Amino acid sequence: MKTKMMMKNTSLIFVLLFITFFFTSISYSLSLTFNGDLSDNEVRLITQRQLLYFRDEFGDRGENVDVDPSLVFENPRLRNAYIALQAWKQAILSDPNNFTTNWIGSDVCSYTGVYCAPALDNRRIRTVAGIDLNHADIAGYLPQELGLLTDLALFHINSNRFCGTVPHRFNRLKLLFELDLSNNRFAGIFPTVVLQLPSLKFLDLRFNEFEGPVPRELFSKDLDAIFINHNRFRFELPDNLGDSPVSVIVVANNHFHGCIPTSLGDMRNLEEIIFMENGFNSCLPSQIGRLKNVTVFDFSFNELVGSLPASIGGMVSMEQLNVAHNRFSGKIPATICQLPRLENFTFSYNFFTGEPPVCLGLPGFDDRRNCLPARPAQRSPGQCAAFSSLPPVDCGSFGCGRSTRPPVVVPSPPTTPSPGGSPPSPSISPSPPITVPSPPTTPSPGGSPPSPSIVPSPPSTTPSPGSPPTSPTTPTPGGSPPSSPTTPTPGGSPPSSPTTPTPGGSPPSSPTTPSPGGSPPSPSISPSPPITVPSPPSTPTSPGSPPSPSSPTPSSPIPSPPTPSTPPTPISPGQNSPPIIPSPPFTGPSPPSSPSPPLPPVIPSPPIVGPTPSSPPPSTPTPVYSPPPPSTGYPPPPPFTGYSPPSPPPPPPPTFSPSPSIPPPPPQTYSPFPPPPPPPPQTYYPPQPSPSQPPQSPIYGTPPPSPIPYLPSPPQFASPPPPAPYYYSSPQPPPPPHYSLPPPTPTYHYISPPPPPTPIHSPPPQSHPPCIEYSPPPPPTVHYNPPPPPSPAHYSPPPSPPVYYYNSPPPPPAVHYSPPPPPVIHHSQPPPPPIYEGPLPPIPGISYASPPPPPFY
């Protein structure tokens, strides 16, 4: 009985306590409601908390910006710009270099990194036409208010720590011509909002964390350059790839697999293509023989099978060909080695059984780890016998042709090209990519119309990733494109150190010399009357992608995205950026040579990966093509990669002659290690025996990369961004593409983000810290001593990466560029191991100037 009584009493006590607590809470809440006891600090704290989680209808973050009534603005557009920039300033969590310190007051045109110019539709009023915060090491996110910058033509924020997604209200930026978000920490699926930008020509999303499939509309859009390498994109490429009018496309270091679309042969304007470091597992389509303008062709480090199509002999502009680390077999067609401009042919780590003698006379070639009789460093007889015992490969079984669905009334899939995108190639309905196995020979002829004359096709001289034999045998991807220096990137601005540009002050970087003939973009672009928006000429900062530590060093470099001819951005007052040189669009595809179907090779057995060429870097760097900035007017930074030019003469400069100070780059050989930064547009010289002589580091202007001759001596790298240092020489960027800029768009002398000052290059950790984290500590300087090249005729170790000087938009002081001594081709002797202090390795072979500096991880 006592126990029962105690239990009842206990239950009663709990009930009474609950009732007491309930009524106490209600009374306290009522007292707060009626008496308003919250202090101002408490109210402010609650407001900030609410704003932190505020989202618009798209889920984008916004900020609460109050405009002081006492502020006076020249016009409503500058008032909107004030709201947008103040919201962005609130969204910045860390600004270690004080780029946004002077973002105060109504004079937004004096803000650091902000450039104004006359509006296209009303020349009597000023508006914000360009933003350049490259290499600022800023952490934060992009608020939705940036959609208020409706007159913006250039938006460059590479090499920062921005995270999150791209705001949906970016679709209001109807005049945006160049978008460079590279080397940040953006994540999520492909930012489809960029497909709604009608004037967009240059898209650079490299070195982020984007994932998922790539939308078909991307290849139906009228772009000139696509750089999506070093992300996490997956799945197969859409079969309408050939509809794209781009001159440069880099999808390296992702997770693509499946077929190489046969429509690839329809890309009539294509000059550089880098598909390395993926998982493509089909045959090379014979239709690639139609690509008459391609200078750099890199499909290394995939799982491609079959034989090399004899139609490759029709790619008459080819300079760099890299198919290493695949499962190719059969005999190499003699027509390939007889290409008139071929400087480097790398086909190591395959299962080829025949090699024509003419290939041995190429300036640079690598045939190691094959099954070639009477050649050194081949696979073991057991490996070759095991591979030859496999059944032959039937290339038709992959079903890599375009979807052959009959023109039923089936509505085209929602993958219709986004506004402004180039129409899909004719005769092919934009039906979802069906994997109907059509013979690869069925590429639809209707390649997407070439992008307007503004297409800054990188000079054909860009070296292919293949490295010349002179350098060590390691097939590191660092081969830099040997593009002749004649392609000074238009408006390439000298790379200025990442120091925050003082408002209105031009960065200390040497003045960017306008690329020869640099003219404002031709009016072919949709923008209304050109506004002279002074955007800093974006010289190709080392676009080199940070080396992926785990990936084997591919012999071919990844081309850094050449910044398309900067849209005519209004010239910022006082800025002496070199005029952007519109490179003439490349001629349409020459009549496609009849593609010969690749011989069915034996079924590819997993390639036996021989030891990667002696690449010194512990982590195999993925070759990245870094667009060298225009050499004009800037002291060339020493090329980070010792890309010794092959014996053949340097490719003739495209329509542009390189700045007088730069001699034409001789064909360069790939050095085993990819240098992190792209070499400046300077003539590249074969590495001289003495390693002590480093080439001078050129200053990069972010926008269009000018051809960079390779200096053998190791340059110092300025930024630390890439994860694992790559040892690989990036080829010189091709001559500056001749861009016809959008007609009315303002001529921006846009200095695209120059590479950061010589920061110490430490491989960035794979995982990015939370976007909120403050500026990361500077990476430790790492001195890599690449081993000397093993045998001549192989990769020569790249020279130390060049020191990049980032040039902020204002005209940098004139820098005296002393050209390095004429290239001495020492095939056997590699340049001294470069000291890798810079950021991500450049993507060799790309003549584009928009350089995403390596991210600071």
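Keep in mind that glycine also has a Cβ here, set from the backbone N, Cα and C atoms.
Per Swiss-Prot, the features are:
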{"type": "CARBOHYD", "residues": "N98", "note": "N-linked glycosylation site"}
{"type": "REPEAT", "residues": "198-221", "note": "repeat 'LRR 5'"}
{"type": "REPEAT", "residues": "268-291", "note": "repeat 'LRR 8'"}
{"type": "CARBOHYD", "residues": "N293", "note": "N-linked glycosylation site"}
{"type": "CARBOHYD", "residues": "N344", "note": "N-linked glycosylation site"}
{"type": "REGION", "residues": "406-776", "note": "region 'Disordered'"}
{"type": "COMPBIAS", "residues": "408-571", "note": "compositional bias 'Pro residues'"}
{"type": "COMPBIAS", "residues": "579-768", "note": "compositional bias 'Pro residues'"}
{"type": "REGION", "residues": "615-857", "note": "region 'Contains the Ser-Pro(4) repeats'"}
{"type": "REGION", "residues": "817-839", "note": "region 'Disordered'"}
For N293 (N-linked glycosylation site), list the number of other Cβ atoms lying within 10 Å of its Cβ atom. 24
Drop a 10 Å sphere on every Cβ of the glycosylation sites N98, N344 and tell me which sphere holds the fewest other Cβ atoms. N98
Mapped DSSP class for N344 (N-linked glycosylation site), helix or strand or coil: strand
Spatial separation of N293 (N-linked glycosylation site) from N98 (N-linked glycosylation site) - C-alpha basis, Å: 44
Averaging pLDDT over all residues of the repeat 'LRR 8' (268-291) gives 95
Between N344 (N-linked glycosylation site) and N293 (N-linked glycosylation site), the C-alpha gap once rounded to whole angstrom: 16
DSSP output for N293 (N-linked glycosylation site) maps to coil
Counting each residue once, how many in the repeat 'LRR 5' (198-221) are helix, strand and coil under DSSP? 4 helix, 7 strand, 13 coil
